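Trainee: Below you will find the structure I want to go over with you.
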Amino acid sequence: MSKVDKNVDAGHSVVNREVVELDKSEKPLKASNDAEKAERYSVYSKREKWFLVSLASLSALLSPLTANIYFPALPVLSTQFHKSLELINLTVTSYMVFQGIAPAFWAPIADRYYGRRLVFIMCLSTLSLSCVGLALTPTNAYWLLLLLRCFQAAGSASTVAISAGLIVDIAEPAERGGFLGVYSLGPMAGPAFGPIIGGALSGSLGWRAIFWFMCIFAGCVLVVIILVLPETLRSLVGDGSIPPPRFLRPVIRFGNYTTGNNSQRPPKKPWANPARLFVNPDVVLILLPNAVVCAVYYGVSTTISILFQQKYPFLTQTDIGLCYIAIGGGCIPGSYVNGKLLDRHYKAAEREYKAKKAESASGNPEESEKPRSPFEQKMDVNFPLERARLQMIPYNLAVFVACTVGYGWSLEAGVHISVPLILSFFIGWSFIAIMNISQTFIMDLFPTQGSSITASNNLIRCTSGAALVAVEQLIIDAINPGWTFVIFGGLCVVLYPMMHYEMINGHKFRERRMKRLAEKARKEAETEAEKAKQNP
């Protein structure tokens, strides 16, 4: 055995002995009613998992839908409130700011003691009530419109992070990519259909109908969650077989599971600031390029209504809203196909890893007697996690950059409208593939912080997106759409080496993190031993 392997195995043994929460939270729990004592990660059946993923996707839809359904009403609000478009745009800016900040507050609560269910209820209640307030806002109270938009963002934006945490709770790593792919269909449907719904409601029933629609939609999702959503936080319910506190139980019992015992419950995690995740180099190497890609995607989305109207003046407002179907339509199949590929590549890497371990264990009986949990396996320096998850990034990024540049030049040249629409379809396809790959990989690294890592991702994405959108029109006015999107595509290319470096050297960061955890556990054990000696 190599020196590196010995060090990693020593770290694993200490971590296991001290029950480090990152490890234990991903250990499958023993099924008490299984004669063969087969390991299981979650008590829920495949069908029940798909129901929970669908409910999570529906909840996560609320955030982008709330943001995008509002855009067609901006000129109407400017007239009704007697304010300039610049002031009305502040309601969009404030929404984006709170969209990035709010999950950083809610996610640690959902990841720590209070679980997914309670935070879901609090967020959706906030969203529903803020929509009622917005629908009733008098036109002489601009300040109230601005304030309630902040509350609306605080209630809706966090559903994305909490939903992602729910999937980590119930899905094993080998099936997580497929679940995340289907789950992300909800968030991607918002940008595609939000402007269409908003334009139809605003044009026929008035701008207040937009907020009444969102209130009814959010209220219906809230009722379903109250009735059937079980608590899934593993530090509260283990694999789902441990009953949570009574106030966290659904009205209607979900699933047919056996009751576990408290020894199966992983330890509760201490309070952690999601921003602390950025001290990990591998997090920065993935999330920073990911944020730039997301910002460029937002840049493309925001120019559809502006540039299409300039280049194709025959389009009506309804027609322009329908143009968003192309970019959103690309996200939907791209998310599904990419999820399937992620699962396939992970399983192939897992088979390769186990085969090599079995071969090396044939000459070392002690090695074969060391069972590894899914987290231990992924943190093993010999497991090709980075290659399994990130190998499709270069191909998707190449498609994204090429289509982004082509989109800009096609609009500048004023070619047939089908060309930018087709290009925007593939922009959406490749964008969601890159987002899903990055999100799945980071969740693999930090399985017990699903909501927090999603909140951190959301924070940097919203910040970069807001910054790019704020200067985008100034750049277009100065150098025209063609060169503007060349610059945007170039930014993605310049930052890609960060992802490539992680794909090649990421295993080193995993090894260092495991050693730090082992050293921390060793010191805690020594401290407890000293206390035991002093107080026999």
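Even glycines carry a Cβ here, placed using N, Cα and C.
TrEMBL annotations: computationally assigned, not manually curated.
Here's the feature list from TrEMBL:
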- 52-507: domain 'Major facilitator superfamily (MFS) profile' (DOMAIN)
- 50-71: transmembrane segment (TRANSMEM)
- 87-106: transmembrane segment (TRANSMEM)
- 118-136: transmembrane segment (TRANSMEM)
- 180-203: transmembrane segment (TRANSMEM)
- 209-229: transmembrane segment (TRANSMEM)
- 283-308: transmembrane segment (TRANSMEM)
- 314-337: transmembrane segment (TRANSMEM)
- 393-411: transmembrane segment (TRANSMEM)
- 417-437: transmembrane segment (TRANSMEM)
- 482-504: transmembrane segment (TRANSMEM)
Trainee: Does the structure show the transmembrane segment (417-437) and the transmembrane segment (482-504) touching, where I'm treating 3 or more Cβ pairs under 8 angstroms (sequence separation 6 or more) as a contact?
Mentor: no
Trainee: For the transmembrane segment (118-136), what are the same-chain contacts with Cβ under 8 Å, counting residues 6+ beyond its ends?
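Mentor: Residues packing against the transmembrane segment (118-136) from afar: 59, 62, 66, 106, 109-110, 144-145, 148-149, 151-152, 154-156, 158-159, 162, 208, 211-212, 214-215, 218-219, 221-222, 225-226, 229, 247-248.
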Trainee: Which sequence positions outside the transmembrane segment (482-504), separated from its termini by at least 6 residues, show Cβ-Cβ distances below 8 Å to it?
Mentor: 282, 284-286, 288-289, 292-293, 296, 299-300, 386-387, 390-391, 393-394, 397, 400-402, 404-405, 407-409, 411-413, 468, 472, 475-476
Trainee: Is the number of Cβ-Cβ pairs under 8 Å between the transmembrane segment (314-337) and the transmembrane segment (87-106) three or more, considering only pairs separated by 6 or more positions?
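Mentor: Not in contact, no.
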